[in-house]
Structure formats: C-alpha cells, structure tokens
C-alpha cells in the first residue's frame, strides 16, 4: 500500500480493508498506467507550468496579442491539470453540471474568442476584453466548487453597486 492510499484512508477515516468504492483513488485507479504519486506529480507540473505562463504573460502585457496567447495557454494548462487527479471524464462531467454549465460555456467561449482576437483578427482591445472576461468567467466557475460562495459574492456585488441610499 503506497503512502497516498494510506493518507487518503486516514483522511476519510476508513480502515485498510474497508476502502469505499466511490473514493477518488478508486475512481482514478484504472484511469491510466500512472501511479497515484505520478498523477500528483503530473498535476503539480501542469499547474506550475500554467501559473508560470500566466505570470510571465504579464511581462509582455504591453503586447496584448502575446499576452493573450501566453495567458490563455497558461489558463488552459492550470484548469486542465485537475484531469490528472480526477480523470478527464469526471472533470468534464463536473464542468458540465447544471450548476457550472453557464460559467463553463462563458469561460470556453472567452478562451476561444481571446485566441481568435489575438491570433487571427490581431485586435488588441478585443483581445484584452476577452482576457478580462475569461478571468471573470474562471473566477465565477471556481466559486461553484465552494458552497454558497456564488451567492455571497452576488450579494456583496449588489451591496457595493447599489446606488439607492
């Protein structure tokens, strides 16, 4: 039994003989030939590479087309890194849950638009608008994984933007 399995069982509270069938490790066991530790390493490598690309993209912020390409590919790497942990099928299922469907659609649409504006149309303003929308959509999508976070942010925005006294 490897260290990740023992850690998971200690966190879940199960015995060594009694592993639940719907656990994360059970779902990903037949995912690929990678061990759980190798999947964690791949997840970390993709996440770090994505975050590095996103941070480095701000160096070329004055060149919006280069910025958008680096930022978008970094964003895709960072979001896609979770496929190593939970598997691509489960990740896609979770992305297209009714709770996250609109945020996923807006996020994917903004990613596509940012790349089209940057690589094909070469319009700096539209590229920056698409990247800003992409960031907002990813933020809203990420909030869907935290219970009641979307409602709290919505209520805060209504309070901050309310013009009535």
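Positions of Cβ are set from backbone N, Cα and C atoms, glycine also.
Because the structure is a prediction, the values reported are computed rather than measured.
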Message = Looking at 4-24, 67-87, I want to know which stretch TrEMBL calls transmembrane segment.
response = 67-87
Long-range environment of the transmembrane segment (67-87) - Cβ separation under 8 angstroms, sequence gap at least 6 = 24, 27-28, 31, 34, 39-40, 42-47, 49-58, 60-61, 94, 111, 114-115, 117-119, 127-128, 130-131, 134, 138
Ask   = In the same chain, who gets a Cβ under 8 Å from the transmembrane segment (40-61) while lying at least 6 residues past its ends?
value = 4, 34, 67-68, 70-71, 73-82, 84-85
